[in-house]
Amino acid sequence: MDMKVLVVGGGGREHAITRALSCNSDTKIFSVMARKNPGIARLSERVLLEKETNIEKVIPFATNCGVDAAVIGPEAPLEAGIVDRLEAAGIPSLGPTRAAARIETDKAFCRRLMERHGIAGCPEYRVCRDPEEARRFIESYDGDLAVKPIGLTGGKGVRIMGEHVDVAGAVEYAREIGGSVVLEERLVGEEFTLQAFVDGEHLIPMPLVQDHKRAYEGDVGPNTGGMGSYSLADHMLPFVSRRDYEKALRIMTDTVAAMRAEGTPYRGILYGQFMNTREGPKVIEFNARFGDPEAMNVLSLLESDFAGIVGHIIEGDLAPSHVRFAKKATVCKYLVPEGYPDAPRANEPLTLGDYGDALLYYASVEERDGTLHTLTSRTLAFVGRGETLEEAEAIAEKAASSVSGSVFHRRDIGTPEILEKRCQHMREIL
């Protein structure tokens, strides 16, 4: 059956979403993005170049195109209420309403929801609304804290005591952002990502993924939106036991049930970022959409019709039989401008070489007269797929190394050495 789908967003995540939808030749794609993503544009029937939060322009475009459904990529339009407005116009969405999106956009709401419903995995926390309250708690707390702005930060706004700042630095950072912060116990362990399709009641998990936030090899340098990620052929990670996986899945299932019980049912993609600690998985945060880069890992493995999954989520009858992933490993490597993230060099030309069997996803890149140029954020990503992690990494690394220009990437993502480092760290904690 023909289906017209609106895709909102223009990054690498949205290119992955668009490609997955386009695997069904009966699906017609219409796109809204602030800047033209050449990969998305080539797969779209029509493109509206407009800021994704400019809902007054998005709604008429969607209705004029006659779309049957929308898929929302980034978090900002969710916070702006794009799903509510689309549904008022008769267009259902893969994405939560503004109220349900608070699971990501309001960290205080998220923690209080978990506390009210007795959901496991919630770290010790304190919500502060002014700098003086934050100062008193930071200075009196026995241990290190994570200082988190209550609202959206693009994944780059958290300061961790003992890693980024000391006590005085934490107090100053809380003051700089106005004192509206969530202060949480610093979690020690290994991070992992569990994403799931959610129809308001039913939750179908995707393969586990591990992202790499630090800019440089060896996990050093400033935090970024994510330099790359990997997943294994068994859809697990070697430092996450089956028991800990089941605990994380239960936390997400309980969170969806809590949202439904409070009258704000959650429909869309639920992204759980967990720290696997000595006590088991703890929730670092929830996101109300696919991760970037993690979307590229899981959607590169999706064997089911993505448009069909969207339809089942909208209808509220999602079942495990609707979702199937290939039993393969994936490695995603982002190329970023020289100087990223602090002083990225924009407007530098790029040349793609022979990238073999890798999948290419365009992100913050501009095509002018047939030549690609860097912008100020992550440029493009390659995903390698293979029977083993080593095979997938070799495909991704060969592709990433084929690009010439003022860009760099982390060569260590997906290598046996970095995986063993993660496992050794987990063994030391336990």
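Each Cβ is built from the backbone N, Cα and C atoms, and glycine gets one as well.
It should be emphasised that the depicted structure is a prediction, and the values quoted were computed from it without experimental measurement.
The ATP binding site annotation in Swiss-Prot covers 138-193, and the record cites sequence analysis as its basis. Annotation comment: Swiss-Prot describes GLN273, GLU285 as Mg(2+) 1 binding site, evidence class sequence analysis. Residues or ranges marked as Mn(2+) 1 binding site in Swiss-Prot: GLN273, GLU285. The Mn(2+) 2 binding site annotation in Swiss-Prot covers GLU285, ASN287, and the record cites sequence analysis as its basis. What Swiss-Prot records for GLU285, ASN287 is Mg(2+) 2 binding site. Taken from Swiss-Prot, the feature domain 'ATP-grasp' covers 111-315.
Locations of recorded Swiss-Prot features on the structure.
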| residue | record | contacts (Cβ under 8 Å, 6+ apart) |
| --- | --- | --- |
| ILE138 | ATP binding site | LEU145, VAL147, MET161, VAL167, ALA170, VAL171, ALA174, LEU183 |
| LEU152 | ATP binding site | GLU75, ALA76, GLU79, GLU104, THR105 |
| ARG159 | ATP binding site | ALA146, VAL147, VAL165, GLY169, ALA170, TYR173 |
| ASP166 | ATP binding site | none |
| SER180 | ATP binding site | CYS128, ARG129, ASP130, PRO149, ILE150, GLY151 |
| LEU187 | ATP binding site | PRO123, ALA146, MET275, THR277, LYS282, ILE284 |
| GLN273 | Mg(2+) 1 binding site | GLU191, PHE192, THR193, VAL283, ILE284, GLU285, PHE286, ASN287, GLY291 |
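Secondary structure at ASP166 (ATP binding site), taken from DSSP and collapsed to helix, strand or coil, is coil. Cβ contacts within 10 Å of ASN287 (Mn(2+) 2 binding site), excluding its own Cβ and spanning all protein chains shown: 23. According to DSSP, LEU187 (ATP binding site) sits in a coil region rather than a helix or strand. The average pLDDT computed for the domain 'ATP-grasp' (111-315) is 96.
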